[in-house]
Amino acid sequence: MIFVRRDIIRPTAQDARAAVAEFLLTAAFMASVFSLVRWGIGTMAPGASAAELRVRVAAVSASVGVLIVGFAVSRPGRFSGAHMNPAITLGLFAAGAVPARRVLPYLAAQVSGSIVAAMLARLLWGPSVGEEPVKWAVVQPGNGWSGWAVAAAEAATLAAIVAVMCAVKNRRPRWPLAWIVGALFGLQGAILGTLSGGSANPARQLGPALFSGDVHLLIVYLVAPVAGAMLAGHIATGHRLRHPSRIEDFGPAAPGPAARAQAEAVDQAEVVPVVAGLGGVHRRSQEVERSCGSARRSPW
């Protein structure tokens, strides 16, 4: 008999509001990325040297890192957790730091935010956003990089970032996680930007690739970061089971009493048989989701 937990497809009102915030954050983040690439890369003179390109890519990547920090510590960011990255959401879900019911709304918000941001960039910058060297800010690997090499770099990058997030989250006194994550994303972009592309975010590549028509290696940029992040999350889960300690939630912050009661009611998840065995009797699971506890505060 196969069971599906109803809370996976039944998010609370708190989760829905957090997903809306995640959509707005992702759209604003990606629109800012388009603008940074337009200013930083689009103003390069034809025939610019490889050294100049590396410097400009590093500057854009550092600015993206600062953006991540800014969005993370903003009020909407502290409310939703400011993932803005499907790989982060799924990696933290694998680590038990994001309840199952938030995963699908967050993924939908991030994907739609990336696409809407591309539309906004076209309205803001006109046809120039689709012309070389901007080309919709699509990420491309350097010469000599195979699909397997790009996949390895993307997976390793997200595995490292999620591992750091899970490790830092449990430290006391608390470390400034937003600054650490922003620095890591900025650093990986500066190092890998002219090599593997340095996307490290499926939402970062999806909208640009669809609008530019450059879907070469798109599946790699979508799947590899998620695989690396979820691997790190599962390893963190195994470590937590061997060394029990409470990991706080990486989702919406500080729900009120009513929202908390609603979330706790949902967490007493019903398990419904989808493919019934003999008799097909409904069962109710009394096990509360304890992987990360109810939302108490933003991870940042």
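The backbone N, Cα and C atoms fix where each Cβ goes, glycine too.
Since we're looking at a predicted model, the values are computed, not measured.
Here TrEMBL flags 20-41 (among others) as transmembrane segment. Using a Cβ-Cβ cut-off under 8 Å and counting only residues 6 or more beyond its ends in the same chain, the transmembrane segment (20-41) has close neighbours at 53, 56-57, 59-60, 63-64, 67-68, 71, 74, 76-77, 79-84, 105-106, 109-110, 112-114, 116-118, 120-121, 124-125, 128-129, 133-134, 136-137, 203-204, 207-208, 252.
Under the heading transmembrane segment, TrEMBL lists 53-74 (among others).
The transmembrane segment annotation in TrEMBL covers 103-125 (among others). For the transmembrane segment (103-125), same-chain residues at least 6 beyond its ends with a Cβ under 8 Å from one of its own Cβ atoms are 8-9, 11, 15-16, 18-20, 22-31, 33-35, 38, 80, 83-86, 89-90, 93, 134, 136-137, 202-204, 206-208, 210-211.
The transmembrane segment annotation in TrEMBL covers 145-168 (among others). Same-chain residues lying 6+ beyond the ends of the transmembrane segment (145-168) with a Cβ under 8 Å from its Cβ atoms: 87-88, 91-92, 95, 97, 175, 177, 180-181, 184-185, 188, 192, 195-200, 217, 220-221, 223-229, 231-233, 235-236, 247, 250, 299.
According to TrEMBL, the feature transmembrane segment maps to 175-195 (among others).
The annotation transmembrane segment is assigned in TrEMBL to 215-236 (among others).
Away from its own ends, the transmembrane segment (175-195) comes close to residues 50, 53-54, 57-58, 60-69, 72-73, 82, 141-142, 145, 153, 157, 160-161, 164-165, 168-169, 201, 299-300 of its chain (Cβ-Cβ under 8 Å, at least six residues beyond either end).
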